[in-house]
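Participant: Sending over a structure as structure tokens; questions will come in a sec.
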Amino acid sequence: MIRSGVFIYAVGRTPFGRFLGRLGGYSPAELGALTLDTLLERTGVSPDAVTRVVVGTAMPGGGTLTAARQTVLRSRVPFSTPSLGVDRACCSGMSAIALAATEVAAGAAGLFIAGGVEVLSRTPRLFERSFHRMGSLELKDPLLLDVPFGEGSIAGYTSEEALKAGVDRETQDAWALQSHERYFKAEREGFFAYERFAVPARPATGGPSGDAVTTDESPRSDTSAESLAGLPVVRGSSTITAGNAPGLNDGAAFVLLGNEEAGRNNNLEPIAELVGTTSVAEGPTSGTRTPALSILKMLEEQRLSIADVDVLEINEAFAATPLVSTLVLAEFDTTSAERLRRKTNPNGGAVAIGHPMGASGARLVMTAIAELRRRGGGRGIAAICGGFGQGEAIMVNV
């Protein structure tokens, strides 16, 4: 529940790279360590002041074992600093922040770095270790995101859930277009400079390294209603296309948090107060609405209504996700849902920015903070769904 006493002092993320793009040559630990070090450099905090590092990842890119520990070992943070890895699919980065915040609220001293990293470009194909006397062998690709408990795919059941809620292909395409339009408006205004820093290029497929990657690689300025409408559906779905879902991405995002004393001891001013965290789980095909369920649980615990929230960041695992979740929050009143959508993802979302799964939850939190700071303060909730019916939310006050 965490009502108060936990403060966020700094945020930072890499640009989000395109699949097999200019960040695809990094391992998750390398990209995570680079982000940790940059966060410390930007704040002037000594690495010795870090009590714990909490890292969320969804896929073990490049076969990385204990990505959290390897991130610490590759960074300037002392080897003696404990780390914790989190695996809650796409919720992982936000869950990492929630776990760190829970420790702070319980009285832990010092500063915590929490967030997540994903390098989907380095995700290995899998071969089950078993003895085959004869015959062909098959490598499995975990990026196909098949459903392990039945037939079909995540895209397939997301499409079905969206249609049940009355969210058709045209509505999903319109949200995807809006996501790109909002993103490019925010980019022109310099909005993302608050959270994003340049990273030396390290392409997945060779080519020049070292020049700076300064912007997110996935957003497409040429996105139009016509181009989206012309795309084929994917993975057995009825409405999901490559245009109304995010791509496969690489990136890292972390926040620096602690109690008031930790900030004072390190000459830091808080940029936000983290006042609540919630986790939920539902049926394995319920992902389009679990962000809403986590938000509703948060509002109940904080004794607030949705009208008390100024900004919502709901991860665009698909364009369908914020569309269905806002309907749930509005009790399926379409007029109320439209009002909620005006304050949801006001600077674009993952359909445009990208969705490196372990990092996205942390990105949502920092984007909410940045938008609230631009408005002069307020209350925000970041929420995300995670594979097979999980959900997470964090509330911040600025």
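Counting begins at 1 with the first residue displayed.
Glycine too: its Cβ is placed from the backbone N, Cα and C atoms.
The feature domain 'Thiolase N-terminal' is assigned by TrEMBL to 6-260. Annotation comment: TrEMBL describes Cys90 as active site, acyl-thioester intermediate. Summarising the annotation, TrEMBL assigns region 'Disordered' to 202-226. Per TrEMBL, the feature domain 'Thiolase C-terminal' maps to 269-397. According to TrEMBL, the active site, proton acceptor annotation covers His355, Cys385.
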Participant: Using DSSP and three states only, what is His355 (active site, proton acceptor)?
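Facilitator: Coil, per DSSP.
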Participant: Round to a whole number and give the Cα-to-Cα distance in Å for the pair His355 (active site, proton acceptor) and Cys90 (active site, acyl-thioester intermediate).
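Facilitator: Distance (Cα to Cα, whole Å): 9 Å.
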Participant: Around the Cβ of Cys385 (active site, proton acceptor), how many other Cβ atoms lie within 10 Å? Please give the count over every shown protein chain.
Facilitator: 31
Participant: Far apart in sequence but close in space: which same-chain residues, 6 or more away, have a Cβ under 8 Å from Cys90 (active site, acyl-thioester intermediate)?
Facilitator: Ala58, Asn315, Ala317, His355, Met357, Gly358, Ser360, Gly361, Ile384, Cys385, Gly386, Gly387
Participant: Take every residue in the domain 'Thiolase C-terminal' (269-397), average their pLDDT values, and give the whole-number result.
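Facilitator: Across the domain 'Thiolase C-terminal' (269-397), the average pLDDT comes out at 98.
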Participant: How many other Cβ atoms sit within 10 Å of the Cβ of His355 (active site, proton acceptor)?
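Facilitator: Its Cβ has 27 other Cβ atoms within 10 Å.
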